[in-house]
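**Q** Quick paste from TrEMBL:
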type     : residues                                    : note
BINDING  : Gly73, Val76, Asn80, Asn338, Leu467, Ser471 : Na(+) binding site
COMPBIAS : 698-710                                     : compositional bias 'Low complexity'
COMPBIAS : 711-721                                     : compositional bias 'Polar residues'
COMPBIAS : 722-738                                     : compositional bias 'Low complexity'
REGION   : 675-738                                     : region 'Disordered'
TRANSMEM : 67-85                                       : transmembrane segment
TRANSMEM : 97-118                                      : transmembrane segment
TRANSMEM : 139-167                                     : transmembrane segment
TRANSMEM : 225-244                                     : transmembrane segment
TRANSMEM : 256-279                                     : transmembrane segment
TRANSMEM : 299-320                                     : transmembrane segment
TRANSMEM : 332-353                                     : transmembrane segment
TRANSMEM : 455-481                                     : transmembrane segment
TRANSMEM : 493-512                                     : transmembrane segment
TRANSMEM : 524-545                                     : transmembrane segment
TRANSMEM : 565-591                                     : transmembrane segment
TRANSMEM : 611-636                                     : transmembrane segment
Amino acid sequence: MRKNSKVTQREHTNEHVTESVADLLAHEAPLDYKNSSLNVGGVPGKKIVLEPPENDGRPAWNSKLQYILAQVGFSVGLGNVWRFPYLCQKNGGGAYLVPYFILLILIGVPLFFLELAVGQKIRRGSIGVWNYVCPHLGGIGVSSLMVCGFVGLYYNVIIGWSIFYFFQSFQYPLPWAECPIRRNGSLSIVEPECEKSSATTYFWYRQTLNTTSTIADSGGLNVKMTLSLLVAWIIVCLAVIRGIASSGKVMYFSSLFPYVVLFCFLVRGLLLKGAVDGIAHMFTPKLEKMLEPQVWREAATQVFFALGLGFGGVIAFSSYNKIDNNCHFDAVLVSFINFFTSILATLVVFAVLGFKANLMNEKCVIENGEKMLGYLNSNVLSHDLIPPHVNFSQLSTVEYAEIYGVIKTVKEGSFAELGLDPCVLEDELNKSVQGTGLAFIAFTEAMTHFPASPFWSVMFFFMLINLGLGSMIGTMTGITTPVLDTYKVQKELFTVCCCIIAFFCGLLFVQRSGNYFVTMFDDYSAGLPLTIVVILENVSVAWIYGTKRFMQDLEDMLGFRPHAFYFYMWKYVSPCCLIILITATVIEMAISPPGYNAWVEELAQERFQSYPPWALAMCFSLIVVAMLPLPIVFIARHFNLMTDGSNKLSVSYRKSMMKDISNLEEVDETRFILGKNPGETPSPKPPSRAYLGPPGTNPLENPNSLSPNSCYGTGYQNAISPTTPTTPVTPTTTESDS
């Protein structure tokens, strides 16, 4: 401490020294007395008001709209387009919306609100936030960062695939519209692998990925995918290199453009033949599905990942808000925008899939009608079985179903030998397609039948790029913000280094076997670790920090007390739901054999294969590495091998927290940081403690106090000796808190 500081002056003189509480605790030069919103020597009996510093050097959003678009862009991603519709189809159609909506209310909105609130209050990334809330659980922030790293590695590969398809769409006909022709001298034959599968499937597995038949066979780098990945990382780097100053502007386009495309596809899709069949199939509820636990587990998982909980991006974005921003409104708004976006995407997907199902069903009728005609001409079938009005050149699905039923009844013993398919539209609609299979196979096949198909293909894949970019910006912010807050490195240099390292690590996914590693990382790197991260976030705030404290802090921050609904959700319901989800996830991993769907070239179809031992070890290593910071940080801080992280908080942040500390009346479970009715006069002899608390409160005697050793303490050093005489001071009168 400097010799001429006011604390030193107090120790050597009895003269009255005017200073702020923030000066004592921050050990900094005193604030300007007249301009400071915290000053002493005023009229007794009135509150002290310290407005949070708006110019603390931390970047801020240019507008509320920019911030909302950033949160929407992060939460609304590829999963809304190719995961939610699949789950809806698989788990009872419209009936699936009921458990999803219930769990959105019970888990999604409360936990999303919690992350927004802690980020906005503490104004730090995930590492700084959880170091402040509970230093022993400071590993939460590090685990979030590592999961963001794992997810970012393979998520950008998907953007690379979309970029490749985007550029391939600028030609007519589309390159995946027809199977390639192989020429052998004067003979021209269709590529056998393509003929066995389909043109879009062949283009995906052979011409795009050029995939190998097993994960053990790397096959070397795929040059086309490597270049696409490089372009993807360049785009991401340019979008986030200047922090929210650049990513915020990008969000205006990347968040809004997908909605334009979805609405265009919805209008176009509704005009397609069979679109109504797809939508009707989607919204026809299978109510018996709601009784299956698996449906609720998958709904909870989708809610969890749809909002980006636990990644750190939500906290990072909200940390750039003003302290009094209404984050409760933001949480509800973004959650329901996400939900309605999923509904919109599902309508689009099922309209297009209904169109595709009708096409495939008509194709099935034509092919099997030709078989029947051949059997009639060869007298295998009698002409008496065919109604006289049937014309095989214009055979309808209704007529085919009628003939199929008659033949099946008459030829019951030998019907299987005929090899006729039922050609039922419902069977086509029930074929579940998700993930890359939906985007790069099913949807691309449907678009080949659109008029002006290249235009719709360009629009679709440009939409996927924007959806992925919005999520990648949030993921990268979840990495850069906590590191920049903690270590104060140069932002641009650190961002470029992260992108370069990520590109070289991402080369794992652009081998010919890279698709199998994408599946591995998607299954193992995020699911269980993120669920554990979120439940620890919930527990650290609701049970260690104190739910009543947190509610009081929200009231002081927002200007109103959130509904008691959130109290019970945070305290009891959400932790129980998350525990059940973790248990169900572990059971699912235990009973499901770990493996992947490999593309077998000889069969021209996928076959499930188990992971080899080294790949199995890699799967579980992803889980262990992502969760490893949790026990390491806990043990290191329990045995004082690591500081509590409070020294990483900036001086401006410590000053802003003085508002909370200086107004405490009592430190119990009903007070979080800011007291409702602070004492009129502070004690002339505060006891030895790490903050200026209420009169007569000893942190050593009160287990709920904000002491350096408490789980939610900030670890400030003592500013005043307990034996040092002090001059009583009185608060300043202000009208705003009267």
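A Cβ is built for glycine as well, from the same backbone N, Cα and C atoms used for every other residue.
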**Q** At an 8 Å Cβ cut-off, counting only pairs 6 or more apart in sequence, do the transmembrane segment (299-320) and the transmembrane segment (97-118) clear the bar of 3 or more pairs?
**A** yes
**Q** Just going by other Cβ atoms within 10 Å, which of the binding-site residues Asn80, Ser471 has the emptiest spot?
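**A** Candidates: the binding-site residues Asn80, Ser471. Fewest Cβ atoms within 10 Å: Asn80.
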**Q** To the transmembrane segment (256-279), which of 139-167, 225-244, 332-353, 493-512, 565-591 is linked by the most Cβ pairs under 8 Å?
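**A** Checked against 139-167, 225-244, 332-353, 493-512, 565-591; highest Cβ contact count belongs to 332-353.
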**Q** Which of these binding-site residues has the least crowded Cβ, counting other Cβ atoms within 10 Å: Val76, Leu467?
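**A** If we count Cβ atoms within 10 Å for the binding-site residues Val76, Leu467, the smallest count is at Val76.
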**Q** Using other CB atoms within 10 angstroms as the count, which residue among the binding-site residues Gly73, Asn338 scores least?
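**A** Comparing Cβ neighbours within 10 Å for the binding-site residues Gly73, Asn338, Asn338 has the fewest.
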**Q** Where, among 67-85, 97-118, 455-481, 565-591, do we find the most CB pairs under 8 A to the transmembrane segment (332-353)?
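**A** Checked against 67-85, 97-118, 455-481, 565-591; highest Cβ contact count belongs to 67-85.
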**Q** Report the residues of the chain - excluding Gly73, Val76, Asn80, Asn338, Leu467, Ser471 - with C-beta within 8 Å of the mean position of the site's C-beta atoms, for the recorded Na(+) site, in sequence order.
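**A** Near the Na(+) site, beyond Gly73, Val76, Asn80, Asn338, Leu467, Ser471, sit Val72, Phe74, Ser75, Gly77, Leu78, Gly79, Ser255, Pro258, Thr341, Gly470.
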**Q** State the non-local partners of the transmembrane segment (455-481) in its own chain: residues 6+ outside its ends, Cβ under 8 Å from one of its Cβ atoms.
**A** 70, 72-78, 80-81, 124-126, 144-145, 148-149, 151-152, 155-156, 158-159, 162-163, 165-166, 169-170, 174, 235-236, 239-240, 243-244, 247, 250-251, 253-255, 257-258, 261-262, 264-265, 268, 308, 311-317, 319, 439, 443-444, 447, 491, 494-495, 498
**Q** Before we move on, state whether the transmembrane segment (524-545) and the transmembrane segment (565-591) share at least 3 Cβ pairs under 8 Å, counting only pairs 6 or more apart in sequence.
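**A** Contact between the transmembrane segment (565-591) and the transmembrane segment (524-545): present, because at least 3 Cβ pairs are under 8 Å.
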